[in-house]
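Everything on this sheet refers to the single structure shown next.
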Amino acid sequence: MIASFDVIQSGLALGLVVVAFACLFDRHLLRASALFVLFALLMSVSWWYLSAPWLALTELVLGMVLTGGSFFYALRAFPSAAMAAPHVDGSQHVLSHRLTRGLLALAWCAMIGVAIHYVMPEMAYSFAGHPLILASIVIAATAMGAFALHRHLLRRLLAFNILGSGVFILLAGMAGTVSGAQALISVGLTIAWLGTLLGVMLIRHLVILEGVSALEDENDAAGQAQ
Amino acid sequence: MITLLLLAALLWPLCVAGSAIWHAYRTPAANRHHFSLLWISASWPALLLAYGGEAQWSIDAWMLGGYWELNALSRPWLAFTAFLWSLAAVHARGYFVAEQANAQVGDNDAQRRLQRLALLWPLTFFGNVLLIIAQDIASFYLGFALMTFAAYALVVHSGSDDARLGARAYLILAVIGEGLILGGLLWAAGTAETLTLEGVREGIAGAEQGAMMALLLWLGFGVKAGVIGLHVWLPLAHPVAPAPASAVLSGAMIKAGLLGWINVLPLGVEGLSPALTQLGNVMLVAGLAAAFGAALYGVWQRHPKAVLAYSSISQMGMLTAMVATGLAAPDVWPLLLPGVVLFAAHHALAKGALFMGTSISEHMPRWPQPLLFALIALPGVSLTGALAAGLLSKWGVKSALYESQHEQLIMLLTLAAIGTAALITVCVWRQWQQRQSEGGNAFQWGAWLVALIAALITPIWLPLPDTSMMAPPMEEWLGIVWPFPVGVGVVAVSAYLLRSVRLTAPPAGDLWWTYSALVVRGLQSVRFIAHTCERLKIASLARSLAFEKALMGQLQRWLPGEGWMRRHGSGLMMALAVVLAFLLMWEGLR
Amino acid sequence: MIERFGLHESTFDPLWYTHWALAATLVLPILAGLLGARCAPRRLFPVALACLPILLAGALLVFDYQQAGLLRWQWQVAGVEISLRFNGLSGLMLMITQWVGAAAALYTPGHLRITHPGKRARWLWPLMGVLISSLSLIWLAADLLTLYAALELMGLAAVGMLLLSGKPAALKAGIRYLLLALVGSLAYLLGVALLLGYWGALGLQALAEVVEPGPVTWVAAALIGAGLALKAALFPLHGWLTPVHENAWTPVSALHAALVIKASLFILLMLWSILLPGTLLAPRFVAWLGMLAIVWGGLIAWRADSLKTLVASSTVGQLGYLMVAFPLLLGPSITPLAEALAWEGFWLHLMGHSLAKAAMFMAAGNLIIATGESSLRGLSGTSRRLPLSLLIFGIAAVTLMGLPPSAGFTAKWLLLQALVISQQWVAVAALLAGTLLTAAYVFRVFRYSFDETAPRHQYQPLAPGMDIIALCLALAAFALGLLAHLPLALIQGGGV
């Protein structure tokens, strides 16, 4: 029983990590949004397995339907004339930029890992015993790194949502699904949805006002620097 | 009643000044009369007040709280001051007749000068009255300062180069003196936490640093009273001032310095600190030095008014010596004070008469000349103590000193009287040499005659306490009278002996020239320093500008850092978290 | 330290009307905001009428605190314990929030009437209400969950308000702010997750009792610190602040600079003093950053071209003063006297800056509205035409510069004293340099405004009250320096 449980949990964890990575680093925005919906679905399943059906439902409604829907809503505002181009984030980053973000993400990984090592001493013995927590650390750190890396606003919004999910799993994994943790997660989910909605509306506004290029933060930063 | 008189005494000069302003704007220049009866009457209420009896007033609303008094000291003082001012005003009316006429026919310069004099004369007098009746520091100082600075116009009146020099000397020393007085008064008042002059006296007597306060005040008032070293304005200012102005300067205003000493120094207080006694000795020496030095220097002067100025210095030197005994030998002071007052009053009137006399010899009325010059010399003779009021005043001082066995001081004062006699002789002689018969004015010689008579009979009209005056016994007469013939004799003999030697008169103002040379030297070095600083400033300014430019360039290169931080906000946040965690762990695990 | 935040047992239960005052404090702003959205007031009078009960409720709470000491509330909602507490510090912050909020609300009708922003303006009122309510909740909250919820609510409301101006620049700045604020609170949540997982407590008081130094505490503190520093715009994470303030409406900038960033700072200081009592290096690091902030903020403001950038950049520098006090408040082996002085100086400076910065934004907004130009150069000639606005700017600047007798002076004096006692000379130098830089950029404004050579503009007349409200705020900041003993008595007394 335990073994099978572990297998499912490990599979879930692996799926989450893979989908999260794919979502974070896919330049095609439409595909990334679809991947996010898949990720939210997996999250919902994970909540179910962590025996928090209430949270699973919330995730399904808030995370998958509403937040995921928001992204598609944003993408619909993009000009349809050149279907291929606008949905791809074409910005390039210099190597040092990527390298520092990568290192910072690793450092976060290590930092959170150390802390969790103290919270759950048994993890020291069976490292694979808590695959979801492991996955959540990786997801959170990577999402944070990706957030810092990307310039495209929609991708940053995606990264934020995945970061949130990582934090929520971590919370649930460590604190269990006690009422306090559940409340925190519910509030967090709501806030994430509200924030995403606000962000999406902003993005639509911006696209309508200034075109797709305005979404790449770099331009405005470069303009400020001159 | 007496309060009304007080109000009149203080307000009337102000009204007169106001009317001078009124006339300046309202009356056409041609029929503007500056020395009207109204103007002359400015000092009359004050004179009446002096005879109104003793009184006290305290007025809380006035500045820091006014406390005024008419007492045994201030009454006679007010009497002779106001009397002299009245006579000088009458004299001025005659003295300025020619100038007035010029002004009325359209000499704008004369017009302006007369206006200035007519305005500031009553103001000066107002200050003088206020300082005499004031017993609180604020009123006293206000009066003193007002008198000092308003009197500038009296000195500078003629506007010639010499007059400007004299006025400048007067003003420079006056400012120094005011500074010293203010410093001393504030220090003493602050230490003793008092607002009255009596409190200052007690404070100085009791304070640890009392001698320093007393020194400041002595020197500060000493500028007015012509303490040796600070006297240099007198021989410069007197010859150039108009005769009536000289009369009040030398008669009344100099005495304000003396009154200042009497008011603030702890004279006659038993058990003074050794430092204060020492100060008394220093004052004594300074006074006697002035008494003799001024006589020795003054006899060489050509201008009769310069001679008289040195005579004033000499006389004030004697008074300084007497005041000094109040510190050095406090037990004598109560006996000495009436004598000092009489001495001061007599000197005021006599010196006033002598200064007016200089204008008489320049505009002689058609009288027999021997009579005229005898009259001109008469107050001088009295001043040496040879007759009338002079005799009495000398005796008043001497008898007090006799009683306390200060024979040496008496001897020295008597010798100083020889100097006085010599100075008077020289003065009359110079006047004789420089006489001009241009016809006098009745106001001019009338006032002079009244002053002369008043000087001779000073003890009769001066409201002194009854017991304080007595005639000397006959056997002492000779002891008091002999310096006069000796002094005349010395001058006659010297003149005879030196008739073939051509001597150049030393310049009036003696030490002034030394001072000014020193100051010029000092100014040169200051100018040099200023020049160096200027160059330094220009150099450092250029360097600062270059530095600023460089800094701004550097800054412009840094400022895009703001944009960098904006773009990398989230990355920096990650880094901050890592750094904080690292720091905490490092500290915690160490 | 923890006692000063009121995290201990209370002596008396709250009275019946205290509950109502609390409810009014937390709910009335939202209701008033909704009402505002419905009616869109165009005059001062109805706004003042709506502010009055809120201000009264706040005053009543402070009065109760003075009578009964610390007030506590606890509720059990769906198995989660929610706790609030009201001590002197909460009272003080609540009062500042309400009064500055009321001033901003009173300023708004005039501003809207002149700028004609269109229909969007309706949304300002409910957002403002939510902002004030959530801020009040932050000052009162005593558990991590409530703090998180209130913080997020406040952040979203703030973003919403900043976006209302609708310019592309405002949208860009707003979305950057939104993303950073959200991520900042996720970092905070991550820290909270660690704390909850290890110690199992969400209530601050319970946490304070069980927490011990260890890697979990440290990592959690670092994450919370970084997240909140981002939200509080502490140097070097302040980049988002300037563009946001630059493009927002005047009352919104005023509220944001005066209150919103202070809330994150408040939480940061409170949590760190629970988690990290007696640590040296991390607070010292923050203090070093603070010194850099003072200099950097001053330089940026000095070289700024637009008036609002100048005012916004000066906030960065002013926050630096608060950061400098961190080692004195948290560090080990600080003498009680230095700690007490720093504590008083910290809050006094915070309050003084809130009032002065709100006044300054309003004055700057008035100048910009009247001249129609936002650059410093556009100010030329205003000395003659708009002397009152410039005067307000000047009075507020006096507080920022820390000239006596303003609150800025008193606060800096206290801080300097504490720094001198604990011999932190570099910080003293930074404080003094900050004063000089402040003077430099303030006088730059005046230099332009006294320039008479520029061509005459058509000046837009201001609505009544716009100047008066700003003047009242500036004078309040000024008077706070003279009456500093009143608020300081509140944060000293009762808390311990």
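Counting begins at 1 with the first residue displayed.
Even glycines carry a Cβ here, placed using N, Cα and C.
For C:141-438, the entry in TrEMBL reads domain 'NADH:quinone oxidoreductase/Mrp antiporter transmembrane'.
Annotation source TrEMBL lists transmembrane segment at C:44-63 (among others). Here the transmembrane segment (C:44-63) has long-range neighbours at 17-18, 20-22, 24-25, 28-29, 32, 35-36, 71, 86, 91, 94-95, 98-99, 101-102, 105-106, 108-110, 132, 136, 464-465, 490, meaning same-chain residues at least 6 beyond its ends whose C-beta is under 8 angstroms from one of its own.
Among the features that TrEMBL reports, transmembrane segment is placed at C:89-109 (among others).
Among the features that TrEMBL reports, transmembrane segment is placed at C:147-165 (among others). Non-local neighbours of the transmembrane segment (C:147-165) in the same chain are 117, 120-121, 123-124, 127-128, 130-131, 133-135, 137-138, 141, 171, 173-174, 177-178, 181-182, 185, 188-189, 192, 231, 244, 247-249, 252, 255-256, 260, 263-264, 267; each lies 6+ residues outside the stretch with a CB under 8 Å from one of its CB atoms.
Taking Cβ pairs closer than 8 Å, the transmembrane segment (C:177-199) reaches residues 144, 148, 151-152, 155, 158-159, 162, 207, 210-211, 216-217, 219-224, 226-231, 237, 240, 244, 264, 275 in its own chain, all 6 or more past its ends. According to TrEMBL, the feature transmembrane segment maps to C:177-199 (among others).
The transmembrane segment feature in TrEMBL is assigned to C:219-241 (among others).
The transmembrane segment annotation in TrEMBL covers C:253-275 (among others). Using a Cβ-Cβ cut-off under 8 Å and counting only residues 6 or more beyond its ends in the same chain, the transmembrane segment (C:253-275) has close neighbours at 1-2, 5, 7, 93, 96-97, 100-101, 103-104, 107, 128, 131, 135, 138-139, 147, 151, 154-155, 158, 161-162, 184, 195, 204, 207-208, 211, 217, 220-221, 224-225, 228-229, 231-234, 241, 244-245, 283, 308, 311-312, 315, 319, 322, 326, 329-330, 346, 350, 353-355, 357-359, 361-362, 365.
Tertiary proximity for the transmembrane segment (C:281-302) is limited to same-chain residues at least six positions away from its ends with a CB under 8 Å from its CB atoms, namely 221-222, 225, 234-236, 238, 242, 272, 309-311, 313-327, 329-331, 424, 426-427, 430-431, 433-434, 436-438, 440-441, 444. Sequence annotations record features per position, and here TrEMBL assigns transmembrane segment to C:281-302 (among others).
The annotation transmembrane segment is assigned in TrEMBL to C:309-330 (among others).
The annotation transmembrane segment is assigned in TrEMBL to C:350-369 (among others).
Among the features that TrEMBL reports, transmembrane segment is placed at C:390-413 (among others).
What TrEMBL records for C:425-447 (among others) is transmembrane segment.
Residues 4, 62, 66, 88-89, 91-92, 99-100, 103, 106-107, 343-344, 347-348, 351-352, 355-356, 358-360, 362-363, 366, 388-389, 391-392, 395-396, 398-399, 404-411 of the same chain, all 6+ positions outside the transmembrane segment (C:468-491), place their C-beta atoms under 8 angstroms from a C-beta of that stretch. Residues annotated as transmembrane segment in TrEMBL: C:468-491 (among others).
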Stretch-level contact, the transmembrane segment (C:89-109) and the transmembrane segment (C:350-369), CB cutoff 8 A, at least 3 pairs: yes
Surrounding residues of the transmembrane segment (C:390-413) on its own chain - C-beta under 8 Å, 6+ positions past either end: 314, 318, 321, 345-346, 348-349, 351-353, 355-357, 359-360, 362-364, 366-367, 382-383, 431, 435, 438-439, 442, 445-446, 449, 467, 470-471, 473-475, 477-478, 480-482, 484
Tertiary contacts of the transmembrane segment (C:350-369), as residues 6+ beyond its ends and Cβ separation under 8 Å: 92, 96, 100, 103-104, 107, 111, 114-115, 245, 249-251, 253-255, 257-259, 262, 265, 307-308, 310-311, 314-315, 318, 322, 378-379, 382, 386, 389-390, 392-393, 395-397, 399-400, 406-408, 410-411, 460, 462, 466-467, 469-471, 473-474, 476-477, 480-481, 487
Residues of the parent chain within Cβ reach of the transmembrane segment (C:219-241), under 8 Å, 6 or more residues beyond its termini: 151, 155, 173, 176-177, 180-181, 183-192, 194-195, 198, 261-262, 264-265, 267-268, 271-272, 275-276, 282, 286, 289-290, 292-293, 296-297, 312, 315-316, 319-320, 323
Surrounding residues of the transmembrane segment (C:309-330) on its own chain - C-beta under 8 Å, 6+ positions past either end: 1, 232-235, 238, 241-242, 244-246, 253, 257, 261, 265, 269, 272-273, 276-280, 283-284, 286-287, 289-298, 300-301, 338-339, 341-343, 345-346, 349-350, 353, 357, 360-361, 364, 376, 400, 411-412, 415, 418-419, 422, 424, 427, 430-431, 434, 437-438, 441, 444-445
